[in-house]
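Novice: Dropping a structure here in structure tokens format, bear with me for questions.
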Amino acid sequence: MKKAPFATELWEKMEVQSGNSPSVDAVKGQDENVEMSFLRPPVVRLGAGAALNRALFTKKVNLAAAAIQNPKVISHYRKALQTSQEILKVDRISPIASHPDKELGAQGRKCILLNPSVKAEEPKTWGPVIQEGIQKEDLTVIPYELTLEYDYWTARDTMESVLPPELHDEIPSGFNVAGHVAHLNLRDSYLPYKQVVAEIILDKNPSIKTVINKVDNVGAESEFRTFQYEVLAGKDDLNVSCTENNCSFTFDYAKVYWNSKLEYEHTRIISFFKPGEVVCDVMAGIGPFALPAGKKRVFVWANDKNPESYKCLKANIQKNKVQDFVRPFCEDGLDFIRQATDEVLAASSKGEKVVITKPAPRSKSKKAENSATPGFVPEPLKPRTTETYPIPPTISHFVMNLPASAIEFVGSFKGIYQWQENLFAPNTETPLPLVHVHCFALKADDERPLIDICERLTKYLGFTMKPGNEDYNLNGEGEVAIHNVRDVAPAKSMYCATFRLPAAVAFAARD
């Protein structure tokens with residue numbers, strides 16, 4: 001077995017990954033009494049461990065079609081048949097097709113497919129539009145055999161065809177994606193069909209080249225949030241590239257943590273940061289918070305204890321050209337909180353800064369043409385503009401995205417600004433840092449998870465914390481805004497607890 005990062009529950013619906021909604025739902029404007037079973041694939045119940053036979057999904061459907069004599073009237077009859085609801089209206093099937101007669105089709109003759117209520121052999125089923133077209137000798141009604149092959153059916157269509165009915169309620173249609181890799185977390189009941197499920201996902205998602213499945217629990221086996229996985233389909237290649245928040249990330253998915261389902265959370269947290277501030281990203285991974293923040297001209301002390309994550313973080317900092325603002329580290333998070341605080345203060349005291357020089361704006365005048373004009377005087381060159389970002393003495397945000405244990409790290413905040421009260425309000429306009437701690441807790445709609453999270457924060461901070469305003473107006477010391485990030489299991493959710501570091505903690509004596 002190999003190792004790969006944590007992927008959460010598979011069962012969130014991601015229709016964008018598996019194609020359109022089931023074809024049977026795509027019929028619009030058809031007679032409700034008309035049999036539309038042809039929109040379902042053939043039932044292909046494969047036994048456990050059986051190989052996927054794509055040929056078994058071919059289905060031939062007998063329809064009627066209006067064979068058009070003159071190509072110039074196709075548009076007219078298409079619109080008329082749409083209005084009369086006699087045209088075939090099914091997602092991903094064009095109603096305009098070549099004439100089924102090979103010779104006529106080769107001549108460019110077309111026909112319009114009709115809905116199943118219209119029968120070629122039963123004139124009584126032909127509506128006024130069809131009858132008028134026949135009278136004018138613009139069209140004839142002919143039999144048409146429509147062939148639907150494996151490629152037509154969506155991933156869900158195909159899986160419903162293959163899997164036993166008792167497994168249809170939670171069809172694997174959502175998964176983590178990292179570059180070309182689809183990461184499944186299959187439940188035990190689906191494991192006998194894992195190869196077929198993986199092949200279908202590979203077939204129905206052109207961007208996916210590799211499908212893997214997690215085979216153990218995250219965190220218990222590795223402090224770096226890696227775990228055992230197996231390759232189910234495609235090439236055994238987990239060196240991936242992906243983009244998020246206008247940043248490019250390249251990494252070995254087998255050796256670092258990456259979760260595509262956290263993109264919204266990354267964006268949400270980054271929105272708190274302002275240019276010129278300092279952020280301490282304690283468990284930075286490969287930089288989903290740090291790199292986009294650097295592009296916002298936010299200083300980031302980015303740390304991860306995993307040497308492979310640190311290696312990728314350094315490479316991606318250079319790749320995204322944020323090296324002036326993002327500094328990588330490979331330390332234990334418990335020590336790094338105080339280390340970063342001291343280093344930021346020292347860097348500010350030394351006057352460290354970033355100066356960005358912007359090129360002068362180009363003149364809109366056509367210099368080449370004007371220079372030949374008698375008496376021409378060229379415009380003076382506009383000076384280059386510069387922006388200066390001095391490193392401030394204090395950290396504005398701490399990000400702690402290690403939900404299994406990040407709360408246990410908050411004790412390291414005790415005394416981080418010992419003897420530095422003069423740096424903060426009311427002596428300056430600078431507030432104490434905001435801390436964003438990710439954690440797991442009970443999935444519930446009441447206050448139980450909020451109370452539980454605050455009790456754990458209280459335990460490790462040594463200061464009483466309580467649920468606060470959800471609008472992040474954290475004026476009261478000890479208030480915590482708790483955001484529900486996502487569900488990760490039937491009874492478990494991931495949360496982000498945001499609080500302003502209490503003065504009694506920040507200015508305490510260090511242990």
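Using the three backbone atoms N, Cα and C, a Cβ is placed for every residue, glycine included.
Heads up, TrEMBL stuff is auto-annotated, nobody curated it.
I grabbed these lines from TrEMBL:
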BINDING   His266, Asp332, Gly333, Asn401  S-adenosyl-L-methionine binding site
DOMAIN    175-503  domain 'SAM-dependent methyltransferase TRM5/TYW2-type'
REGION    357-384  region 'Disordered'
Novice: Please work out which residue of His266, Asp332, Gly333, Asn401 has the most C-beta neighbours within 10 angstroms of its C-beta, and give that one of the binding-site residues.
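Specialist: Per the Cβ count within 10 Å, the most buried is Asn401.
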Novice: Tell me, roughly as an integer, the mean pLDDT over the domain 'SAM-dependent methyltransferase TRM5/TYW2-type' (175-503).
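Specialist: Looking only at the domain 'SAM-dependent methyltransferase TRM5/TYW2-type' (175-503), pLDDT averages out to 90.
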Novice: Quick one: largest C-alpha distance among His266, Asp332, Gly333, Asn401, binding S-adenosyl-L-methionine per the record, in angstrom?
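Specialist: This binding site's residues have a maximal Cα-Cα distance of 22 Å.
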